[in-house]
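Some features that Swiss-Prot has for this protein:
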{"type": "TRANSIT", "residues": "1-53", "note": "transit peptide"}
{"type": "BINDING", "residues": "Arg119, Ser232, Lys251, Thr474", "note": "substrate binding site"}
{"type": "BINDING", "residues": "Ser284, His312, Thr356, Thr388, Thr389", "note": "pyridoxal 5'-phosphate binding site"}
{"type": "MOD_RES", "residues": "Lys359", "note": "N6-(pyridoxal phosphate)lysine"}
{"type": "ACT_SITE", "residues": "Lys359", "note": "active site"}
Amino acid sequence: MESVIRSSAKICPFMHSATGSMQSVKALKNANLPAIAQQCPFMGKAMEQRRGYASSASGASAAAAATATASTSASNSNSSVEASASADVVDHATKEASFDYQGLFDSDLAKKRMDKSYRFFNNINRLAKEFPMAHRKLEDDKVTVWCSNDYLALSKNQEVIEVMKKTLDKYGAGAGGTRNIAGHNKHALQLEAELATLHKKEGALVFSSCFVANDAVISLLGQKIKDLVIFSDELNHASMIVGIKHASTKKHIFKHNNLDQLEELLAMYPKSTPKLIAFESVYSMSGSVADIDKICDLAEKYGALTFLDEVHAVGLYGPHGAGVAEHCNFDAHRKAGIASPEFRTVMDRVDMITGTLGKSFGTVGGYVAGSLQLIDWVRSYAPGFIFTTTLPPAVMAGAAEAIRYQRSHLDLRQDQQRHTTYVKDGLADLGIPVMPNPSHIVPVLVGNPHLAKQASDILMDKHRIYVQAINFPTVARGTERLRITPTPGHTNDLSDILMDALEDVWSTLQLPRVRDWEAQGGLLGVGDPNHVPQPNLWTKDQLTLTNNDLHPNVKQPIIEQLEVSSGIRY
């Protein structure tokens, strides 16, 4: 030890110049080396930093940073102490085990298998010329699809397909870049003009999906509007929830469709405080519907913006398929066609509407529609729009054609509603529990994740019917269900086959029927003596109308090509 101290005194500037320090070190010669090094103003500082980094998650890399600090601090010395510290760091990096990443993945997956929320994907290849049929892995293994969101079967519409083929042949497979770099084209402009016209807004902006649209718009609002408070329905889609998280602002979650609670929350803030109410028109897993008009009343009373997701409503409601907001003033919009009625409608009152091209419109993509300033603002600031490659030209052309086609084909919406009613009435006669709602969704309550999966498997393997089980986290635990979505192509004959199959499944698995839920006090409106049923959104009079009852301007509309997404020229 004496020789080490003498050698160190020749090398270390601190020990060489400070007699007192030399004596301190000699007194500690029987202590361990870290204790001695701590006395040095150079190594002591380096070791303090190393201890701080070692306590963090970055472990080895942080220790290396501490070594770098020590090296810088003692740059004038070629000391063996520096070499010792470096060796200590290397030893730390090589001897400690790495984090068990694969173990984490395995553990999380095991949890999902244990609670029956693990997702199994079925190989379903929908056949354009045999809708609603699909084949599985083998082409002769065919099933009837009863859970697709292709609500109007427009993905197989020949007019849509022909437009896509011609566009593909002329313009190729991809857009070539973002809207800012080579990806801005006439197809985007035409599609956005169609969407703005559909919702009777000043502009629209297309995204790669409505998940991205919801996330991008909501998060941008929260990040750019100082002190914004967001009020969100508890059953809002995951895309809206993610957007609210990314908004990094204050939020309140109100009980589903509970407008009394929403008003209580809004009243907590001065009218001058910026606010956003985020909600959906049709909630896809329950079929429940928001009271858009009353929510707009609250928004105007308390100074809030309204953000309406019409993903599961566009194409299905309103005389022209613009959604529930249009349906609220059905006759006025029908008589006006693509023009605006002479009074301020519910759709006019909503500040921003988002929707999808991937459900009723049969293609893929999402969008937001709103005022000219809002659309230009989102175009200019939203990373989810700015840094995303544009949708392929053929997709945008097909989506625009689908919007045009369904706008003048009221019968598509009517057939979908009639087929939905036929299935709901038939299941009610069998005592099979359908969660009551006024929309096109047929949620059949099971209430158990394992049994819901079994029911889906029996339908597929025995009856050649595909209905996906819906489990947590898509729905709350204990409310697992089968979600059935009739289309214009699901005839009454096919519906009869479905209902016979469900009767067999319910009998085989001894699943609870309506009377069983009644005995338990009811759940989600099933067997609940206090449940007040809502009338269907579509009235009997609306279902008797024909395509000829629509305004002529919807059939050969002159739609002005908007330039909002090109940049507004003041």
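In case you wondered, yes, glycine gets a Cβ from its N, Cα and C as well.
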Cβ neighbour count (within 10 Å, all chains shown) around Thr389 (pyridoxal 5'-phosphate binding site): 15
Nearest recorded site to His312 (pyridoxal 5'-phosphate binding site) by CA-CA distance, among recorded positions Arg119, Ser232, Lys251, Lys359, Thr474: Lys359
Greatest inter-residue Cα distance in Å for the substrate-binding set Arg119, Ser232, Lys251, Thr474: 30
Closest of Arg119, Ser232, Ser284, Thr388, Thr389 to Lys359 (N6-(pyridoxal phosphate)lysine), Cα positions, binding-site residues only: Ser284
Local backbone state of His312 (pyridoxal 5'-phosphate binding site), from DSSP in three classes: coil
Euclidean distance between Cα atoms of Ser284 (pyridoxal 5'-phosphate binding site) and Arg119 (substrate binding site), Å: 18
Least Cβ-crowded entry, counting other Cβ within 10 Å, from the binding-site residues listed as Ser232, Thr388: Thr388
Long-range Cβ environment of Thr474 (substrate binding site), under 8 Å and at least 6 residues apart: Met285
Rounded Cα separation (Å) that holds between Thr389 (pyridoxal 5'-phosphate binding site) and Lys251 (substrate binding site): 31
Fewest-neighbour residue among recorded positions, criterion Cβ within 10 Å, set Lys251, Lys359: Lys251
